[in-house]
Amino acid sequence: MSKRDYYDVLGVNRDASDDDIKKAYRKLAMKYHPDRNPDSKEAEDKFKEVKEAYEILSDSQKRGAYDQFGHAGVDPQAGMGGGGQGFGGFGDFADIFSDIFGGGRGGSGGGRSNVYRGADLRYNMEITLEEAARGCEKQIRIPSHESCSTCNGTGAKPGTQPKTCATCGGHGQVRMSQGFFSIQQTCPTCHGTGKQITDPCGSCHGAGQKKTTKTLNVKIPAGVDEGDRIRLGGEGEPGQNGGPAGDLYVVTHIKQHAVFQRDGMDLHCEMPISFSTAALGGEVEIPTLDGMAKVKISPETQSGRVYRLRGKGVKAVRGAEYGDLHCHVVVETPVKLTERQKELLREFEAISQGDVATHNPRSKSFMDKLRDFFE
């Protein structure tokens, strides 16, 4: 049986924010929770489906893989809770209800401190169109945290050890009842660590971490576009209680270019030409990302005509193909004419007999007569 689309399961759009996804999950989790629907196999199945969808879409890395490859891009078992958690495998539901009833983030029990993955970080990077097209390497500095070297991250004064929390017995969670619900929430005394620091470290004041700034080199691949994300694994916030660090996502923003407008792999630009070149044809030079290039202009060219230079666009991020450069003709009206130029134009106007130019290049028009005149 094929799985439903995770966005459809939660009833949200594909561009839904993290908050929208969490709100949708809260609502559906409360609606289908087994405690509210005893002996209902359908509600239980719905609850499992909602939970699985949330665990994928609430994780930025899994969500990205799902958006790109669908169900095949994520672990088929992702989001299906194991034993040992509150509600027989529905641990995330306990986390949501802990938020509702005032608790912090929960975790699994089992007589050990909770282990948390570090938070993901986002860095907005502005680059030029040339840098985006060719690729580049940038150095960035980001605020971060590092383990305290004085206490080795324990938060306790050197020579002492944290004590087992008396409130939760070292589990990091306490059980509470709210009406007909019985849920687990993070211990308010130790905040989920299962330990109490009675003699804190003087360097980090018991936090186990210190604020710092780190410098990273980021390789920008050729072909990146506006809003693309580059993942730097393990460069986010450090985890808690031995948990893994989060990731850093560098989001690219392309500066507006003075000449080119980008459309995916293709580039567009205006190509001004004189009205005599438009009528008679000729050759003009235009800028590209690789330098100047010559374009042969056909006779009777009208404003708005587009000349395409194949392979002069932006390289694909994956693969070796390139986009094209589309040059949009703009026929320029001459200014600051000499008396001789004005005389020639008056003569041309006279032999034109007041005919009005047409934009159909196949008809005998203004452009035809202009070409005949100059020839």
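Yeah, the Cβs are placed from backbone N, Cα and C, and that goes for glycine too.
Summarising the annotation, Swiss-Prot assigns Zn(2+) 1 binding site to CYS148, CYS151, CYS201, CYS204. Residues near CYS151 (Zn(2+) 1 binding site) in space but far in sequence (CB under 8 A, at least 6 apart, same chain), listed by position: LYS157, PRO158, CYS201, SER203, CYS204, GLY208.
The number of other Cβ atoms within 10 Å of the Cβ belonging to CYS165 (Zn(2+) 2 binding site), over all protein chains shown, comes to 21. As annotated by Swiss-Prot, Zn(2+) 2 binding site applies to CYS165, CYS168, CYS187, CYS190.
The annotation domain 'J' is assigned in Swiss-Prot to 5-70 on the grounds of sequence analysis. As a whole-number mean, the pLDDT of the domain 'J' (5-70) in this prediction is 87.
As annotated by Swiss-Prot, repeat 'CXXCXGXG motif' applies to 148-155 (among others).
The repeat 'CXXCXGXG motif' annotation in Swiss-Prot covers 165-172 (among others).
Residues annotated as repeat 'CXXCXGXG motif' in Swiss-Prot: 187-194 (among others).
What Swiss-Prot records for 201-208 (among others) is repeat 'CXXCXGXG motif'.
Feature annotation from Swiss-Prot assigns zinc finger to 135-213.
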Original post:
Looking at Cβ-Cβ distances, which residues of the chain lie under 8 angstroms from CYS168 (Zn(2+) 2 binding site) while being 6 or more apart from it?
Top reply: VAL174, CYS187, THR189, CYS190, GLY194
Original post:
In angstrom units, rounded to an integer, how far apart are the Cα atoms of CYS165 (Zn(2+) 2 binding site) and CYS148 (Zn(2+) 1 binding site)?
Top reply: 22
**OP:** Using the recorded Zn(2+) 1 site (CYS148, CYS151, CYS201, CYS204) as reference, state which further residues of the same chain have their Cβ within 8 Å of the centre of those residues' Cβ atoms, listed in sequence order.
**Re:** SER149, THR150, ASN152, GLY153, THR154, GLY155, ALA156, PRO200, GLY202, SER203, HIS205, GLY206, ALA207, GLY208, GLN209, LYS210
Original post:
Secondary structure at CYS187 (Zn(2+) 2 binding site) (DSSP, helix/strand/coil)?
Top reply: coil
Original post:
When DSSP states are grouped into helix, strand and coil, how many residues of the domain 'J' (5-70) land in each?
Top reply: 48 helix, 0 strand, 18 coil
